[in-house]
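Enquirer: Once you've had a glance at the structure underneath, I'll fire off some questions.
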Amino acid sequence: STAGKVIKCKAAVLWETNKPFSIEEIEVAPPKAHEVRIKMVATGICRTDDHAATGNFVTPLPIVLGHEGAGIVESVGEGVTSVKPGDKVIPLFSPQCGKCRVCKHPESNLCIKNDLAAPRGTLLDGTCRFTCKGKSIHNFLSTSTYSQYTVVDEMAVAKIDEASPLEKVCLIGCGFTTGYGSAVQFAKVTPGSSCAVFGLGGVGLSVIIGCKTAGAARIIGVDTNKDKFAKAKELGATECINPLDYNKPIAEVLQEMTDGGVDFSFEVVGQLDTMMSALDSCHAACGVSVIIGVPPNAQNLSVNPMLLLGGRTWKGAIFGGYKSKDAVPKLVADFMAKKFPLEPLITHVLPFEKINEGFDLLRSGKSIRTVLTF
């Protein structure tokens with residue numbers, strides 16, 4: 001048994017930004033009290049990992065990135081009650097302590113114990129569980145899934161159906177849930193409504209799946225890459241438009257298409273100009289616009305208050321507005337019950353050692369989601 005012992009394993013270490021990941025042998029310490037050590041089985045490559053790898057999302061280095069994954073509990077620290085060795089689990093980049101003001105609030109989900117706002121790169125106790133060549137290696141967003149083994153706090157892991165295929169449901173750890181939940185849980189898209197989705201990558205396509213599930217009548221995909229339109233329509237988009245095909249602002253085009261603007265718009269690009277376009281494209285009196293895309297670095301928007309005074313709602317969500325520990329097991333159960341698909345989002349499956357190839361696919365726009373398997 002490996003319980004209580006240091007485990008030596010492979011991990012993708014980022015020593016410095018804008019350099020390839022280095023596959024290294026690292027040591028993973030046993031879990032302390034209220035911590036869980038997980039043997040990773042599969043992990044997705046998400047744009048947020050790329051933002052960290054390029055330095056646009058500032059995090060301490062060296063680090064083991066990865067935050068969208070699934071695995072099996074190897075051992076648990078003292079006092080852990082929600083999971084046991086052998087359980088299938090998904091680590092949670094947005095934890096749920098259950099005690100803070102946010103966790104107790106019925107409508108909010110960004111637990112104050114998260115490591116998103118100003119990443120320390122540690123577990124809750126302020127220390128790391130990884131070492132390599134004598135150096136301490138930082139954790140990423142409470143998860144660090146680009147390692148054969150990782151250690152997480154108990155509040156940052158959810159037990160899931162033991163029959164679930166981990167190489168698919170790992171997407172529920174971030175990308176799918178972030179998009180799908182933004183439509184069904186956070187914006188609460190209504191039956192018969194009109195929706196516009198800006199950005200048709202993995203998260204944008206997941207928004208489309210959510211809009212369709214919620215019963216939207218019109219789902220308009222917006223992207224400058226028309227190669228993405230076929231997949232968007234396959235998953236529920238009723239039409240797709242390319243802003244480059246018009247000689248006027250895309251918000252005007254959408255307003256004309258939808259009698260003054262859509263009921264719900266979603267920005268899944270992470271650019272200031274598309275955030276403004278998405279806001280302007282929802283109806284001035286009753287529209288709701290949701291920001292999902294993360295801007296690579298902190299920039300300010302300047303907004304005319306008249307855009308909001310008529311009754312528009314403008315809001316943002318992380319992880320689809322879901323309380324993570326509560327929602328993830330239910331979402332996995334819904335997937336197992338065939339309430340939504342994940343397979344169309346996975347375009348590439350690569351062995352973990354080919355992580356740099358996976359990031360090349362992301363950066364070149366050739367993949368929707370690449371899943372790395374261990």
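The backbone N, Cα and C atoms fix where each Cβ goes, and this holds for glycine too.
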Enquirer: Pick the one from ARG129, ARG312, ARG363, ARG369 that Swiss-Prot also lists for the NAD(+) site with GLY199, LEU200, GLY201, GLY202, VAL203, GLY204, ASP223, LYS228, ILE292, GLY293, VAL294.
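Expert: NAD(+) site check in Swiss-Prot: besides GLY199, LEU200, GLY201, GLY202, VAL203, GLY204, ASP223, LYS228, ILE292, GLY293, VAL294, the record includes ARG369 out of ARG129, ARG312, ARG363, ARG369.
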Enquirer: Which of these, CYS170, CYS174, CYS195, does Swiss-Prot list as part of the Zn(2+) 1 site with CYS46, HIS67?
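Expert: So the Zn(2+) 1 site in Swiss-Prot includes CYS46, HIS67 plus, from the candidates CYS170, CYS174, CYS195, CYS174.
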Enquirer: Please report how many Å separate the Cα atom of LYS233 (N6-succinyllysine) from that of CYS111 (Zn(2+) 2 binding site), as a whole number.
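Expert: Rounded to a whole number, the Cα-Cα distance is 35 Å.
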Enquirer: What's the number of neighbouring CB atoms sitting within 10 A of the CB on GLY199 (NAD(+) binding site)?
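Expert: I get 26 for this one.
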Enquirer: Rank aside, I only need the closest one: which of the recorded positions SER1, CYS100, CYS174 has its C-alpha nearest to that of GLY201 (NAD(+) binding site)?
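Expert: Checking each of SER1, CYS100, CYS174 against GLY201 (NAD(+) binding site), the shortest Cα distance is to CYS174.
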Enquirer: Which secondary structure state does DSSP assign to ILE292 (NAD(+) binding site), in the simple three-class scheme?
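Expert: ILE292 (NAD(+) binding site) sits in coil per DSSP, no helix or strand.
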